[in-house]
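Undergrad: Feature table excerpt (TrEMBL):
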- A:8-66: domain 'V-ATPase proteolipid subunit C-like' (DOMAIN)
- A:Glu54: site 'Reversibly protonated during proton transport' (SITE)
- A:6-25: transmembrane segment (TRANSMEM)
- A:46-67: transmembrane segment (TRANSMEM)
Amino acid sequence: MEGNLNTVAYGLAAIGPGIGLGIMIGQTQAAMARQPEMAGQLRTNMFIGIGFIEVLALLGLVVGYIVPA
Amino acid sequence: MEGNLNTVAYGLAAIGPGIGLGIMIGQTQAAMARQPEMAGQLRTNMFIGIGFIEVLALLGLVVGYIVPA
Amino acid sequence: MEGNLNTVAYGLAAIGPGIGLGIMIGQTQAAMARQPEMAGQLRTNMFIGIGFIEVLALLGLVVGYIVPA
C-alpha cells in the first residue's frame, strides 16, 4: 500500500469544518433575510467564524510537520 | 493490497464539504424566498461561502503532493 | 506506508469542534438577527464558546507529546 497516513489526517480534519461552515454560513443567510439592516454586522461575524473554523481544517495539512516523525 | 492511501484522504475530505454546501445553499434558497429584495446580497454571500467550503474538498486532491512522501 | 498515527488523532479531534463551532456561531447569528440590541453581549458569549470548543481540536495537535510513546 502506497501513500502517506498524514493525508488521511487531513481528510478527517476536513469533515467537521466542512459541515460546520455550511451550518454557520447557512444560518447567516437566514439571519440576513430576517433582519436585513443587520447584514453588515452579520457578515463581519461570519468572517470571524470562518477564520476560527477553517483553521481547524488547514491545521490538518500541516499537522504532519508539527508531530515529530 | 493495491492502491494509494492518498485517495482515501480525498474520499474523507469530500464528506464534510458535501454536506455543508448542501446545508448552506439550501438555507440560501429559503432566505431568498423569505426576503426576495435581498436576493442579490444573499447570492454574493453564497459564492463567498462556496469558495471557503469547496476549497476544503479540493485540497484533499492535492494533499498527497503537499505532504512529503 | 509513511506517516505518523498521531496526525490521524488530530484529524479525528477536529471533526467535533468543526461541527460544533458551526452550530454555535450559526445560532449566535440567528440570535443577533432576532434581538439586535443584544448583539454585543452575544458576541462576547460567542468568543467564550469559541475558546472552549477550539481548545478540544488544538489539544489534538499536542496529544502526541502528552501520551508517552
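Placement of Cβ uses the backbone N, Cα and C atoms for every residue, glycine included.
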Undergrad: What is the number of residues in the domain 'V-ATPase proteolipid subunit C-like' (A:8-66) that are helix, strand and coil, as DSSP sees it?
TA: 58 helix, 0 strand, 1 coil
Undergrad: Measure from the Cβ of A:Glu54 (site 'Reversibly protonated during proton transport') and count the other Cβ atoms within 10 Å, all protein chains considered.
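TA: So the Cβ neighbour count for A:Glu54 (site 'Reversibly protonated during proton transport') comes to 18.
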